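Here is what TrEMBL records for this protein:
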- 308-319: compositional bias 'Basic and acidic residues' (COMPBIAS)
- 374-396: compositional bias 'Acidic residues' (COMPBIAS)
- 404-416: compositional bias 'Acidic residues' (COMPBIAS)
- 49-209: domain 'Bms1-type G' (DOMAIN)
- 270-350: region 'Disordered' (REGION)
- 369-436: region 'Disordered' (REGION)
């Protein structure tokens with residue numbers, strides 16, 4: 001009858017006394033402080049990578065040459081200029097045990113600024129002493145804040161030529177302008193060597209800001225690159241990229257993504273000597289001056305590189321990640337097995353029963369005769385093959401209006417061909433007018449969609465039951481069930497889907513935190529042998545473009561359905577329709593795609609939006625390679641002149657092909673005769689069969705009444721409807737229809753370089769400047 005002693009629960013074991021809790025909190029605080037100090041000390045030190053500083057010019061009058069010359073004129077510092085990048089150099093300071101690498105972004109080149117900000121430890125913004133930044137600088141800052149801003153510093157060179165009184169006023173004006181963008185930032189004047197040393201000290205001691213998408217992936221900025229053509233073709237070969245590993249340990253078996261060029265495999269990782277070593281080794285037969293101020297990369301010597309290159313690791317084909325990004329669908333998958341003799345006999349009997357006599361030309365085979373259609377069957381086949389457009393009737397009206405205008409234009413062009421001298425100018429002016437007319441039509445469509453959301457006119461030439469045959473009615477949009485695996489398109493056979501995406505993501509991030517991967521550690525100077533790289537990558541590097549590499553996590557090369565949560569940018573006012581081609585900057589990737597817009601709700605179904613709303617956050621759905629959140633996203637739209645406008649900014653929400661996006665159509669009718677609880681409604685349908693077809697669907701009105709169709713009246717679409725109350729004469733009867741929509745497979749990883757931004761002296765966005 002003895003009762004065993006109960007085991008003490010875990011909760012009691014976790015309960016600590018007040019002194020123990022205070023001691024534990026003190027220990028955690030001390031650990032965090034030591035981690036921050038260790039990070040500061042490792043960055044730019046002998047064991048860590050050089051402190052990478054990207055110099056960004058925010059004004060057309062801001063000159064980088066004077067700033068870089070001041071930074072290079074440090075006492076006891078060694079300067080090493082780079083051959084590839086214009087204005088790029090390394091600064092070694094053995095006395096402070098620090099090393100920096102400065103890279104200058106080209107003026108007006110948005111892609112270069114964004115690519116450098118992806119990998120830079122700090123950004124050095126060069127401001128104008130009077131205006132601060134111009135329209136291009138404002139555009140760059142908006143993009144950088146949306147992508148994720150690393151640690152930064154603000155430098156103001158010049159301003160000494162101004163009179164003392166104007167200098168004080170300009171400083172106050174600049175401080176007031178900076179306070180909005182950078183509330184806690186400090187301005188560093190940059191006119192003397194002492195001020196440049198203070199700026200360097202601030203860059204090395206300030207707290208580092210972390211960007212989540214790069215801290216969990218190994219990445220590097222190419223210091224040198226060499227292209228070895230392949231045996232089969234000179235256009236594709238092996239690219240040897242040298243640089244310092246940052247972020248995480250680099251595994252040779254994982255894939256690498258070259259920003260702007262695609263995903264590739266790595267065959268080998270070498271360990272050449274560090275070209276930016278604080279204590280360089282002295283090689284026999286080669287003298288090195290210790291007090292040399294300016295050195296070149298060629299001083300390192302090719303012979304020394306060849307002698308000291310060590311192969312760290314080679315890729316294992318059994319463990320190496322595959323480049324397969326899509327599933328190759330099998331058309332016979334899911335088909336039944338070979339039919340039995342009974343099934344074959346039944347098929348022959350059904351063929352005999354369905355035989356028909358058709359007049360055919362002489363010499364026609366049985367196979368050809370089976371495809372000949374009778375006059376009676378022609379109409380039914382047209383009905384079966386009539387597919388519903390994804391765009392609503394408003395778009396069809398716009399297309400018809402454009403067609404009418406195009407029919408009228410030939411006559412005008414023929415009358416204008418008489419003038420020869422000003423023909424070119426007139427054509428150019430007319431092209432601008434055509435763009436204005438198209439933009440005006442888009443504004444009208446957006447306005448109509450705001451006033452009458454999802455409302456379309458019932459076509460009179462096609463029966464409504466045929467035109468809307470892919471739509472269905474729902475008792476409740478929120479609670480009615482919808483199977484996510486029902487009627488999937490063929491493109492869904494090409495994508496990958498996780499059984500539990502959040503669980504896979506947590507497992508991968510837990511492995512990264514435990515540092516279970518083996519490879520090149522952070523801070524090592526390595527050479528990656530990237531296989532099957534097109535020669536265009538090397539050509540862009542020779543032109544001065546930065547070459548940025550990111551290692552991919554498992555599955556990140558595979559295609560799936562990505563959902564982004566975005567909000568429209570304030571500088572953009574033009575209407576953006578769904579399924580228009582946009583340019584995406586998602587984390588370390590950029591690509592082109594035609595997205596869908598949908599509402600951001602907690603329900604299992606999400607209503608499609610035809611336009612990007614300025615007053616609400618929307619979800620953008622596209623086919624794209626898998627990326628594990630968190631990751632920022634920027635949406636751009638390319639103009640006809642090649643410039644890119646920032647449309648929206650946001651973040652990656654999920655990777656979920658089962659997210660249901662529902663397109664709603666609203667058919668409207670007008671009450672013709674009103675009784676106590678019944679009414680005769682017209683103009684919703686135009687024949688009796690359509691009324692009978694849509695009889696089960698519930699009706700609603702704009703004033704909140706609900707009802708249903710009782711019976712059709714006559715043959716012209718009039719119908720008797722019953723409601724839960726008496727209708728008003730100015731009320732409108734509505735019938736909602738729903739259909740699931742999917743994005744188009746328009747993914748394109750090759751994004752053209754934008755045309756350099758036309759700078760304006762004002763800090764206002766370009767649209768506001770044009771309006772003024």
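The backbone N, Cα and C atoms fix where each Cβ goes, glycine too.
Caution: TrEMBL annotation is automatic and unverified by curators.
Same-chain residues lying 6+ beyond the ends of the compositional bias 'Basic and acidic residues' (308-319) with a Cβ under 8 Å from its Cβ atoms: 252-253, 265-273, 519-520, 526-527. Model confidence over the domain 'Bms1-type G' (49-209) is summarised by a mean pLDDT of 83. Per DSSP, the secondary structure of the compositional bias 'Basic and acidic residues' (308-319) breaks down as 1 helix, 5 strand, 6 coil.
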